[in-house]
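According to TrEMBL, the features are:
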- 30-54: region 'Disordered' (REGION)
- 34-53: compositional bias 'Low complexity' (COMPBIAS)
- 71-93: region 'Disordered' (REGION)
- 72-88: compositional bias 'Basic and acidic residues' (COMPBIAS)
- 337-363: transmembrane segment (TRANSMEM)
- 340-792: domain 'Major facilitator superfamily (MFS) profile' (DOMAIN)
- 375-393: transmembrane segment (TRANSMEM)
- 400-421: transmembrane segment (TRANSMEM)
- 463-487: transmembrane segment (TRANSMEM)
- 493-513: transmembrane segment (TRANSMEM)
- 559-580: transmembrane segment (TRANSMEM)
- 601-622: transmembrane segment (TRANSMEM)
- 642-661: transmembrane segment (TRANSMEM)
- 668-689: transmembrane segment (TRANSMEM)
- 695-714: transmembrane segment (TRANSMEM)
- 726-752: transmembrane segment (TRANSMEM)
- 802-820: transmembrane segment (TRANSMEM)
Amino acid sequence: MVYGWQLWLSPRPTQRSKYVHDENVLVLEDDGNNEAASATRSTTTSSSSSSNETAKHVQIFYDFHTHKGHRATKETHYRSSKTVRDGESGPPLHIHLRQTETFEVEQGVLGVVKNGVEYAIRKEDGPVSIPPGVRHKFWFHATSDQDLIFNVCVDPEGLDHGFDESFMRNLQGYNRDCAKHGIPPSLFQILLFLYDSDVVITPPFWTPIWLLKGLHHVFAYWIGAGLLGVQYDMTGADVFVPVLQDKDKTPPAAKSKHNANSMSAVTTEITEVLMTPALDLVNNHDSLSKHMSNIQPGRPSQTLEIEDGAATVADEEPLSGAATAEDETKYPTGIRFWLIILCNAVVLVFMGLDVSIVSTAVPSITDEFHTVRDVGWYSSAFRLCNCSFAFMFGKLYTLFAVRTVFLTSLAIFMCGSLLSATAPSSLVFIISRAICGFGCIGVIQGCFFMITHLVPLRKRPALTGALAAAEGVADIASPSIGGFIIGRLSWRWCFWINLPMGVASFLIIAFTLRLDQQPSPLTFSQKLVELDLVGNALFVPALTSLFLALSWAGTTYSWTSGTVLGLLATFVVLLACFVYDQYRRGDRATLPPRIMSNRSVLAGVLFASCTNATMGILVYYLPTYFQTVREFSPTRSGYLMIPFLVANLVGFLLHGGAVTAVGYYTPFMLLGSVLMPIFAGLLTTLTASTATGKVLGYTSAMGFAAGVGFQGPQSAVQTVLPTKDAALGLGVIMFAQQFGPAVFVVAAQSIFLNRLSDNLRDGLGVDVPVAELGGLTDIKTLVGEANIARALGVLDASLMQAWYLPVGLAAATMVGSLAMEWRSVKDRKRD
């Protein structure tokens, strides 16, 4: 059973017990005294001695032995234990991914649930096997009138990272540690034990195994191992490497402080201390702070050594002035630090949900507002404000207090969410999405900018990755959550859910965020000048004119109408004025010419905008395909989007790990440019009768292809630009990532609606202007019951014709990949 407190980030003890080597392990009844909750029995004890006086306090007895030629665990569940009698002594529902689990009862009755069906197993039933991939659990059955004794073994044995005796010994060692130190077990640690043994926990209903594996990977590795630092050792050593060890027990990797790469040793040891959960950090903060204060600028670098529970500092090679200055910065600690991090993670989760959940809600929104022509604007209005104000918020966080800008942005976002949830018309909904986009870019930039004030440089990559993972989890979960909410409640609840999380985060940040930020010496009027308000006043209307022209052309107005041509001319004129203003301001410009003339930056802009535009169109219109052409429910549509997004995250992770290993990012951009047009082209072959497996295969492959090169432009600007310009370079790439989808989703909408109008007229004889079309699902009603199959074909053909645009965009990424310089992140030159 998983209790609520186990969901908290439970700290791990500072000293670890050894891996359990005893042949027998005894688990005692937890009577409120945690130190007595777990023990071992060093002498062989008969499993059948249920009448033993000590057994009245015993819950389970594990005997690791050989049974019929196989290593097995003999479990005795004592009937005298209330936990056992209540049926809570067994594990939760789980699945073994690669092994068959076999039970053989010697005494009593074993309860087993197999794929939702309950069985009562007795001795006369003989061995009972559970194949791989089957959902099951076991426990002391209520009909048993004596202690339950049974053997359990798995096949094949010795499977690398399989469920075996090592899992049981590691688990019992961990439970003993937690009991010894009086702290509850961490759910993340238990999940890591299970996942490394190829076991996944499952809900009491059918769930795709790939989804369970993905969720376990996120919680066990990204959060558990990546952020909390929990570890799992299958070899029989300690369950964890102790945080503070005796010097003679320090792992060899931590002892080699005089090797050639001394900076690596410094980073490894300091990061290990910093990555401990909150309780360890609080307990050892005073000792650590005292020794960290000894690190002085200009002195040789120093490596932390752990001796007798205290940190000491050893001299090594000189560090740069930036690094030593970083060590002297004061950062939040303890519960305040973790509350800020938790709030940032929560904020990024519901920001990610808000961005992605709209695509699932589009068919329901169009049905309520009875308009199809505004579909593209539901996304583009949000992205328009995202990319229009990205540079301005970067300067706002530099010139004004971080807390003030962040809370203001969060308040604006919540106002936009409230307006989205209560919007009476499509126009009001579009305005609300623009407000959300404006607040969202400020909040997201604030979350990642805060990291520079929360932790030292050495820990920032790990923390940045953890927060990005939180946003990635939201992207994966949003289709399912959106489908569930729409199916059970209403699409409006997709936006109501933002408010309670936003208010809680607002209050916590308001009372806990106190950063050591140097106030700007500029006056308020000087700050306004630095914000480049003139540039923004030119840039935002220019983008708005472009989006309006693309949205109205061919639908509300013809391409040759005065309105469309006037908007395009306005865009060109305002853009020219913006470029001149940036050139005139020089290094004080929003986009300094020295950055925009860099070859790798320009190549990265092209690659990022085309890649994100390709992804944006597909993410936005795939749910439309599932819900209109395939007639799936919003809930199922959400589930079917998960493989696409999971594969995209796999591509991200592969890129990050591979570039770290080989140094070069350009080959992975080229790989993405080769794969994306192929799989984007395959998506244009989908019809109403295409097998679901083939659809998921195509979408997964496309997601991976887009993800494998996605981070290349970010790596490039940090490699080719000097340190002082790296932040501006990243801002340019972030703008490109937002600009591409903002423009081309509208363009795809224009293509889709024009082709839909033509196909309805040519294929079904229904001549309805696009502006008068109702919701997408209403089209089937418009054509009549007899023509539903043909209507589905028309919808499918119109979507596929719109999807030719992402094929062209995917092919265009090749230009950016080929133009990108071949530079290694290992050879970065800093100015």
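Even glycines carry a Cβ here, placed using N, Cα and C.
Note: TrEMBL annotation is automatic and uncurated.
Secondary structure of the compositional bias 'Basic and acidic residues' (72-88), assigned with DSSP and counted as helix (H, G, I), strand (E, B) and coil, comes to 4 helix, 6 strand, 7 coil. Here the transmembrane segment (375-393) has long-range neighbours at 355, 358-359, 362, 365-366, 405, 409, 429-431, 433-438, 440-442, 445-446, 531-532, 536, 539-540, 543-544, 547, 551, 590-591, 616, 620, 731, 734-735, 738-739, 741-743, 745-746, 748-750, meaning same-chain residues at least 6 beyond its ends whose C-beta is under 8 angstroms from one of its own. Using the rule of three or more Cβ pairs under 8 Å, pairs at least 6 apart in sequence, the transmembrane segment (642-661) is in contact with the transmembrane segment (695-714). For the transmembrane segment (802-820), the most Cβ-contacting stretch among 400-421, 559-580, 601-622, 695-714, 726-752 is 601-622 (pairs under 8 Å). Between the transmembrane segment (601-622) and the transmembrane segment (668-689), three or more CB pairs separated by 6 or more residues in sequence fall under 8 Å, so the two stretches touch. Count of Cβ pairs under 8 Å against the transmembrane segment (400-421): among 337-363, 493-513, 668-689, the largest is for 493-513.
When Cβ-Cβ distances below 8 Å are used as the criterion, the transmembrane segment (695-714) is approached by residues 603-605, 607-608, 611, 614-615, 618, 622, 640-641, 643-652, 654-656, 659, 665-666, 668-673, 675-676, 678-680, 682-683, 686, 730, 733, 736, 813, 816-817, 820 of the same chain, each at least six residues removed from its ends.
On the 0 to 100 pLDDT scale, the model's mean across the domain 'Major facilitator superfamily (MFS) profile' (340-792) is 77.
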